[in-house]
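Here's the structure, in structure tokens; my notes come after.
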Amino acid sequence: MQLSVVDPTWELLDPNPDIRALFLEFNDTFFWGQLSGIEVKWSARMTLCAGVCSYEGRGGLCSIRLSEPLLKLRPRKDLVQTLLHEMIHALLFVTHNNKDHDSHGPEFCKHMERINKRTGANISVYHNFHDEVDEYRKHWWLCNGPCQKRKPYFGYVKRAMNRAPSSLDPWWADHQRTCGGEFVKIKEPENYSQKRKRNNDPTKSELGNSSHVKINKGKSNGVDIRTVIPFSGTGYKLFEPSKSDAQLKIQNDNPTKDKAVMHHTPPSTNQTDSTFLSRKIVSAKKISVANTKVFINLNGSPIKLPSSSNNKSHQDSSKQKSVLHFFKTQKDNSIDLTSSSQSFPSTSQGPNREETEHFYKKLQMDDKESKDTFIIHSLNKTNVSDSLNNKSCAGPAATINSGLNHTKVCCPVCGTEIFESKINDHLDTCLQNYNT
């Protein structure tokens, strides 16, 4: 035997039912599935009535809200009857477009009696929850005018929210015309004014937040790993210069001090060279791979071009248009080397002549290797010209046409006409003879 929807046994089987599940079951059983698009939910702030059916827009949107404060302590039977009452309103809205909340006419009574006979429920026109409604009316006002002696309210206004009577109420104009008294608040929840002052006071709220933060900071959720494994590295703060940068800045600000230190160093060329190279490495800036004067794009990979002996030769090589112009600057480079030797720190005795000649010969050999590499790179550059951009390839290399392999070219060193395919071997021989 199937239990009725208001059977007392449900108080033990399902005391706190899911309103959405109840709604779907009642929709299929009593309303022919016509309310599938209607929303049903709890309302935590509604205290004047147990339930309400809201109509939204012109597209047939409707929602049912049930009062959680009024129904949470009531028997399950009251929840079921209230839900069925609001579902009848929703059915009239869906079928007859009836949006009147207070309309309990013949059509409403017909569905109400049909469901009552079928289920044994007692769905009524109005919900009789006056005691619960009055329980939530904590804010009272009393009029000091003649309406104190009039029935049925005797000048009292009781509300669940702290909103004094005003012109927003529909009965305000009639009260001003017949009574004209003022409403004075006579009752409110315990400690309500103190809580309100505490919430409105910004200083106390800030103090409360700070104390709360301190309490949270005092809580230990676990052991800090820094107490177990100490940090042994070197830390750097953001926006703080490192020690090496600070030392470089001090050295740049005091050039006389650097000269004094260099003057008192022992006469060792190796130590001087290492000091010069270390300073050059520290002060050098990182060159971007987008710089076409230093890097070229070869099959998608950046390749660094060979650098010359000094900045002057590098600037000249970046502007040259022929290999002949490259070798014309060799004598100028030798002059620059002799002039640059004067910039090295002088000593009381000076280095030996053999060491000096060995040093210059080493520089010339390095310069020769860089020039040979540069020439070979410029001759082989035409093989990958399709993968290079014309603008990015406008570097120190000279453009050579690879289609003229059987033509003769003039050697830039000795002036002899040589086949272009044998120019590399001939240049190696000429360079060796030229340096010796």
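Along the chain as shown, the residues are counted starting at 1.
Yeah, the Cβs are placed from backbone N, Cα and C, and that goes for glycine too.
Given the ranges 16-43, 72-99, 156-183, 408-435, the record in Swiss-Prot names 408-435 as zinc finger. Swiss-Prot lists motif 'PIP-box' for one of the ranges 271-277, 369-375, 390-396, namely 271-277. Looking up the ranges 184-219, 328-363 in Swiss-Prot, the one annotated as region 'Disordered' turns out to be 184-219. Of the given residue ranges 231-239, 258-266, 285-293, Swiss-Prot assigns the label motif 'SHP-box' to 231-239. Local packing around the Cβ, expressed as the count of other Cβ atoms within 10 angstroms, is greatest for Cys430 among the binding-site residues Cys411, Cys414, Cys430.
Around the Cβ of His426 (Zn(2+) 2 binding site), a 10 Å sphere holds 16 further Cβ atoms from the protein chains shown. For the motif 'PIP-box' (271-277), the model gives a mean pLDDT of 48.
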